[in-house]
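Below: the structure, in structure tokens.
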């Protein structure tokens, strides 16, 4: 009986690992493909002969991108945006989640505010009024427009709130008995325990701020103020045919859009790929969601 | 979007020629470089001077500011620290004419620019002037956002500018609403789709260039059967993802990489309004000729002659560049795109343009394209005359001082704010004919009309660097691609594609409607969707040929009849 | 536990978030009025004339409306289910592997596609599923005629859902990972001592522990029932698959491109929001009434 079961178990585990490895490869291939294209010679890329290995290896595309002073400026703006944006979101979310995790008996307006958040999550006024609001708030050409423009990340508030709500009440009670106030409870007891969910939310925020390009295009009146994704996008955007000149013709024929685009995509996801493994350890470390009352 | 790339390149070159060498049409010629003082240029005009005529070349008494929304090319390299807002050209405008150009905003040409314009319009947060498309123009007229330019145009436009618009009849009328002139429209050149074929493949197989649709079918089949482009040779390529099967009255893409040619050869004009036998307006997509063409294309698709990935292909250009195909349809300037890439990969690739296929009576049909860019001015702007003046100066204000400042460098839309393409219709014809005469030794460089056709002159200067004997054979082996690579493409496009177009005897068919009517505003999206969906399905065989008849009925029911009535009133 | 003295601190904690919410989320909400107006940019939203429900009426008059709504719901719902089940299954599978380095490598890898924009993913898909592409070559070996995947009305929705799940499952699984790792290991130890099998441990401990998170995510995603994924479809579709692939957002985009019909667009958007709101409210009360579980 016992051996049979463990044989079955071993078979399952073996299969499981194989499936997981296949899944992993399925996800990695396109990225590898992108990298191969970006390092390939334009003719080879255009002919569609590149798949798993670059053909006519060259760094030309990367050289083109990095030689642009605008690239570095936009890169810095994006870094700034991610830094401010995640710091502000982090604290706003943390601070809001705690009172909202109380029941409406403990904190009366809790339910009203929750419904307000749900409302805001689902409804929006459209681009034009948003733009006009941002303009009257002085957010045009400002880094703060990028940082705050997306509004309160309601979804993340709800996630963290739920997490905190499901933590053991005893933790808070014993702290209260020790005479701790709400701020100390939040920062020295709940904060460390909520790290897994906060790290998750932090990744969401970083990814959002890093990848978002539309607000950059709308709020910024000059490319000088663009965040990286807006910049990269506009370089790739096709040139207006009616305003074409000799130079553009030459440039276009010298550089395949395909290899250049691939390089841009690769560069723009690189920072996230570098950051992610560091944050990942928080997920693995997790502690308390388990005491969810079933 | 890619389809639009390089579209109307011809016109740009034409405009460049005008801007580079001053001297517009006839009487304005004396404004050009010889005149020591630009304002003095006007003295040369022969037109009798009407009282109180304002000198279009005069300097403003005090600095006049204008804020513009500007489309930029992020890849453009300026000299030194110049930018699109502060460069040789804008400084010249400022110092010499007291016109100070400020950017309200700038965005990359293409989607980004269009988005910015739409946002500016709908939030009523307008710059003083910008370039918009047809839809945006109509929206702005409806919203009452635009300045009436009639008065300032009459007063400030130079005779040369007026001459250009006069030589394009109906152009200003199309932007006049209730007697008010709301925009300066761009001019365009007519363009017909030619059949582009790999002549080296024809020669290899001992085939003749095509005349009829049957010829094209045979050639395509031969290319496929003999695997001319490798294992996966594609017969005829065309419409790519997001593209259209044919150019329409609202969306003229100069028929680049689509199938207009096949329709035209059947006497079908889908996408535009034509006259039926009784002289009434009828929408070309609903005619029996269109159905016939669809039947033919369906047959070709099933046989594998048309690209199997028609309509979903990411980039038709890539197929051409990689040498997988030997036939496509496109305007004369198609040689600027993808073909050079193909030649680079395969130096023997000999793409030639033919005025084919002809219809049953041997005529070569085409519809004529409409322009799509408009220079508009906000009604809140205090000095609308600035815009007229800038347009005039851009085309005809180049004096000696200007030439010195720019050191002969051609100013593009990146330097020149509110760049508008303006030209009389015969630029391409002149360039092609004079270049041919020049190469044949029938004409010398001195014979060129450098004032009016500067671009042709410029190309002639480089012609001998790139063309090899025999001078009247444009096959690829008779070109020198290396010595003067930049001009190779220009001359190659003009002589190869350009001569085929200029020599063709084209039966032009114009659309009765060139803009949306009232009912179209609410119904057109729907009707066009119905049309696109039905046609594509018929061609690919996922719908019966008879679904065409259902389409026509539905189309009429859902607003088509009403729209046709409205178009009938336009006649 | 009641502690009235804390309330003013709670308000203080809420303040930064609420200020943010007020200026950046609530203020622009007046734009919703556009749905009931004939928008004239020259007059602005507030001064544009009222037209009552005309925009909505027009929306329902449109021949395509039913089709578009049906397509949207069908695609969005399938994606929702896929994006819940696949990440959940994946997280559970990975949870069974105890080799730390392995799990971490796999996790990092599956997370990748999320970063790719739809433009590039769509491009690659069109390549891979093209007439001469690898998928058709494979089918040919198996004796199946090559076909055009992306002009096939029946296959198109499946391709949409499949590619969306492929792109997002790793990312969506993060929350499940985080929930799984927080299950008290003592529970497993106790179960092991009791001699519970691997399957038993999975069904009796792991799945019940992770269920609340799954329910929460499912509920929150209900609000997206009318979001079928504009970016994706816009980059993949073509007229021959309109009948199954055209969704509200793409339709409105095309309408907007031809003439800027903001009233119509806002009306459609508003309807989407209302439907989402109703669904969330319903599921909230269902979960509360029957499972005594509060979603938020």
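Note: Cβ is positioned from N, Cα and C throughout, glycine not excepted.
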Listed range which TrEMBL flags as transmembrane segment, given the options A:55-76, A:143-164: A:143-164
Long-range Cβ neighbours of the transmembrane segment (A:112-131) (under 8 Å; 6 or more residues past either end): 100, 151-152, 154-155, 157-158, 218-219
When counting Cβ pairs under 8 Å to the transmembrane segment (A:185-210), the leader among A:12-33, A:82-100, A:143-164: A:82-100
Positions on the same chain near the transmembrane segment (A:143-164), where near means CB under 8 A and six or more residues out: 77, 80-81, 84-85, 88-89, 92-94, 96-98, 100-101, 117-118, 120-121, 134, 190, 194, 196-198, 200-201, 204-205, 208-209, 212, 215-216, 219-220, 225, 227, 289
